[in-house]
Amino acid sequence: MISLTNIEKVYRTDTIETLALNSISLDIAKGEFLSIMGPSGCGKSTLLNIMGLLDTPTRGQVQIADQPTQHLNDKQLAHFRNKKIGFIFQSYHLINDLKVLDNVELPLLYRHSAAKERRLLATAALEKVGLSNRIRHFPTQLSGGQKQRVAIARAIVGQPEIILADEPTGNLDSAMGHEIMDILLTLNKTEGTTIIMVTHDEIMARKTHRLVRLFDGTQVQ
Amino acid sequence: MFKHLFILIWNKKKQNFLLLTEVLISFIVLFAVFTLLVFYYRNYKTPRGFDYQQVWVATYTNNFNIHDSDSLHQFYESLRNAIQAMPQVVSVAFVSSNTPYSNNMQMNGLQYQKRQLRSVNSYIVENSYLPTLQLQLLEGQWFSPADAAARKTPLVIDQTLREELFGNGPAIGQLVGDDNQQQIIGVVQDPKFNNDYSLTGKAMFSAPDTGSIRSLSRALVRVAPGADAALEGRLYKLMANTMKNANIQIEHLDEKRNSANNFALLPMIILAVVCGFLIINVALGLFGVLWYNINKRRGEIGLRRAVGATGSSIAWQLVAESLLLATLALLVGVFFAIQFPLLHVFDLAATTYLWGLLFAIVFIYVLVLVCSLYPGKQAAAIYPAVALHED
């Protein structure tokens, strides 16, 4: 599903050159649930951003769904992300000025879906995460766990093949964290969605199919 | 997408209130300025109705010792002949003090079929006034020596007064005034006697009679091209010798016109300068607010990029948001502005207001567009990975 070959990422300023990722090669199969672990600053999020086509590698190749991505332009990348990838972030990244339903509809808006279809799909996604009774609420009226469930609904509303989750349980207490993890596991199991999750939590990582460890930008496991 | 943007703006109405107010106030000021500009421009484009070039105005104090009106007629007759006989003098007419560009006004009422019209400019003029100022006669005839034998006092009116009194009906021969003592004999094109940017309005011209001859205090002299200071000196000398103890001043109508035009433009220039500063302030304010909003919304922009927005669609969204905000402010502004033509405030033509409205709307949209283009471009350049990491 996702194939990374010799990925290298270098951040350059006028005075400093930082090697964030060093020769990472990784193949992730369709339907796999992979977790990435490592200490802070080891390049986990950078790797996830490269897989999500939000960032480009300095060297190496990224292939998603058998399609090389290095030659895609801004419009094609945006289209690719919209169709194939769902994102979940540690800090949820909900738009506080939009109601829950409008937040969930957001990816469909860039797909130019009809308003009625958007409503139906967003409501269905919110039902999946158990938040159908909160669709008229604003994010500021929700708890952390509820916000993350809204973010999951937003990630799955477009039925993407891949979900990239950057520390989805990082801001939640243990019980909430397990709830979110259960939702992701169910998605992986029932829908066959490929999930790549960055986490600091060993317990959560053990629930996934495979664990990749990074250290100073290099894959150590 | 518009519905989405509208929801976003509506849910942020408190944050957007200041911006909306700023746009609304700017629109109202611009509407006033543009309406005034359109009004000035339309007046400027209206034919002047007379020719000011090569015309001199001799002002004199008419405190001469002639009590009999017949003698006064003879006095003016002989002075006119003397001036007329001077080389380079084309024609001369003695008139009341409200000569073109003089800022003097004589207003009278005029009755017609039980209707009393107020504020009609009244000019006492001699027969030679028409060729001297080259007024454009549209209907009927100008005064002639034969009028002396007329039973009714002849009256020439301008087009505005003609339309006000008779609409599309016939004007020539109509009787007006108290007890129908005056008869319309001619209609002239509206003259712009104040300046090039305002209309004189209703005007009527009558020949001096035994009573009104004493109100003559100016001589309008049309001179041939090339007439110089020497002629002016000779004219002054002639008048000074004829009118003992009178103060005489000779001015050129073209210079008086320039002065009157400058005076008329002064408030417009002041208003335009104030408006210019206001627009600069509004533009900087808009630019600043939009820039601040973008920096506050970096996380949102990053998210939108992540879920499928292109850089250009982000830029478009921010520009569209600004234009939508401007539209909301304009809707309120237009509601108030449209009351002016509906209620006939200030007695301007409705189309003058509508043009002012249109220009103000276009200007606001252009201003908002220009002010939001660069912030929009900057927003498009935000790197999603960085923006999502920052928030």
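Every residue gets a Cβ built from N, Cα and C, even glycine.
Under the heading transmembrane segment, TrEMBL lists B:17-41 (among others). Here the transmembrane segment (B:17-41) has long-range neighbours at 197-198, 264, 268, 271-272, 275, 278-279, 282, 285-286, 289, 325-326, 328-330, 332-333, 336-337, 340, 348, 352-353, 355-357, 359-361, 363-364, 367-368, meaning same-chain residues at least 6 beyond its ends whose C-beta is under 8 angstroms from one of its own.
Among the features that TrEMBL reports, domain 'MacB-like periplasmic core' is placed at B:71-230.
Feature annotation from TrEMBL assigns transmembrane segment to B:265-293 (among others). With a cut-off of 8 Å between Cβ atoms, the residues of this chain six or more beyond the transmembrane segment (B:265-293) that come close are 18-19, 22-23, 26, 29-30, 32-33, 36-37, 40, 197, 318, 322, 367-368, 370-372, 374-376, 378.
According to TrEMBL, the feature domain 'ABC3 transporter permease C-terminal' maps to B:274-384.
According to TrEMBL, the feature transmembrane segment maps to B:314-340 (among others). Outside the transmembrane segment (B:314-340), and at least 6 residues removed from its termini, the chain residues within Cβ reach (under 8 Å) are 1-2, 5-6, 8-9, 16, 19-21, 23-24, 27-28, 31, 35, 286, 290, 293-294, 301, 304-305, 346, 348, 353, 356-357, 360-361, 364-365, 368-369, 371-373, 375-377, 379-380, 382.
Residues or ranges marked as transmembrane segment in TrEMBL: B:352-374 (among others).
According to DSSP, the secondary structure content of the domain 'ABC3 transporter permease C-terminal' (B:274-384) in residues is 99 helix, 0 strand, 12 coil.
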